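I have placed the structure first, in the form of structure tokens, so that the comments after it can refer back to it.
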Amino acid sequence: MTTLSSQAAPAVNAVIERLQAWPGEHRVAVGLSGGVDSSLTAALLRDAQWQVEGLTLWLMSGKGACCAEGLVDAAGLCEELEIPHHVVDSRDTFQQEIVQFLVQGYGDGITPLPCSRCNRAVKFGPMLDWAEKERGITRVATGHYARLRPNADGGRTQLLRGLDARKDQSYFLYDLPQAVLQRLIFPLGELTKPDTRAEAARLGLRTAEKPESQDLCLADHHGSMKAFLDAYLPERPGEIVLTDGRVVGQHDGIEHFTIGQRKGLGVAWSEPLHVVRLDGAMNQVVVAPRAEAARGDAVVGAVNWVSIDPPAEPLDVEVQVRYRSAPERARLTPLPPVESDHQAERPHRCRLDFAEEQFSITPGQAAVFYDGEVCLGGGLIQA
């Protein structure tokens, strides 16, 4: 068994000890993006004497973290760690599941959330399938800041927030099915980002000082989100209107606006105006004073109950309506399923009644439900 390092932080040694005590076969494929988080994940598993193989999904051609730079860094890391490295060409899947999804959503006047969809449709399930089919490996580890709590009786594995509140990524993982969740490992869920940086530097990993991407991978790839949308959507100028229909300005495409936006409207008015609705059918951006942008409820569809069975009765939850937003108290009431839901395998819906009015509830974004540190599930805001 590996001797724990006196130079590593206690939290790092605790992670290695847990990995060493993990039940079952100690073989794992690590999803490598070429960043420091996935790099340290591979190194920790190696130091815990797991048989580790690196697996990188090739999502886009060209520059950027998901492309050439990420592939080179991932390959170099595997060479340093002396582990095999595999590249899986997932460009077609990414184009169909993410690029087309985003283009359709923005064109329809919603603000899509690609990351949770990518985790479900492009990354975790496909990585597990490839690893088992091609390498006989049944587990995948990634550098996500989240935790898992297995059920000793064979029930649901629970998804928990990462200990580093500033880096917690459970919001983007709510949509994973149990069959996937039960085969994942998140070693960094017990660490903070400074812990990760420090241990990567101590180990001399080539990615230790690599900066994080500050934007959506597609925005990073194209230079900006506007550049990405301009590349796929034709210019569609239209009107900016008040809720009573009065025209107060012009826009160059509703895809460049989001609910709650105040800056960049190009509208002079007696008080600040905020975007309260995007009307895809009329190609209009609807604006109003801040008070009219607040609301006390929301309908959420395509709900995935990740840590509990679908509830039959109302329950009190904490809700995040955006990744960086603070959890808000709400009463969740299950609604009858709708067969026409865009994701038929997840017909569950619910209504959220917030304890306090919320600003910028945005159709297309995820509402994720929590009970303390446990992520109960989530879905897409529909209205």
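Cβ coordinates are placed from backbone N, Cα and C, and glycine is handled just like the others.
Here is what Swiss-Prot says about this protein:
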BINDING   Gly31, Leu32, Ser33, Gly34, Gly35, Val36, Asp37, Ser38, Leu57, Gly143  ATP binding site
ACT_SITE  Cys118  active site, nucleophile
DISULFID  Cys118-Cys217  disulfide bond
SITE      His144  site 'Interaction with tRNA'
ACT_SITE  Cys217  active site, cysteine persulfide intermediate
SITE      Gln365  site 'Interaction with tRNA'
Query: On the Cα atoms of Gly31, Leu32, Ser33, Gly34, Gly35, Val36, Asp37, Ser38, Leu57, Gly143, which are listed as binding ATP, what is the maximum pairwise distance in Å?
result: 16
Message: I want to verify one value. Collapsing DSSP to three states, which class is Cys217 (disulfide bond)?
response: helix
Field: Between His144 (site 'Interaction with tRNA') and Gly35 (ATP binding site): CA-CA distance (Å)
entry: 11
Message: For the C-alpha pair, I'd like the distance in angstrom between Cys217 (disulfide bond) and Asp37 (ATP binding site), rounded off.
response: 16
Field: Spatial neighbours of His144 (site 'Interaction with tRNA'), counting only the recorded positions Ser33, Asp37, Leu57, Cys118 and Cα distances within 10 Å
entry: Asp37
- line: One should report the C-alpha separation between Gly31 (ATP binding site) and Gln365 (site 'Interaction with tRNA'), rounded to whole angstrom, as 25
Task: Using Cβ-Cβ distances, find the residues under 8 Å from Asp37 (ATP binding site) that belong to the same chain and are at least 6 apart in sequence, listing them in sequence order.
output: Gly143, His144, Tyr145, Leu188, Thr196
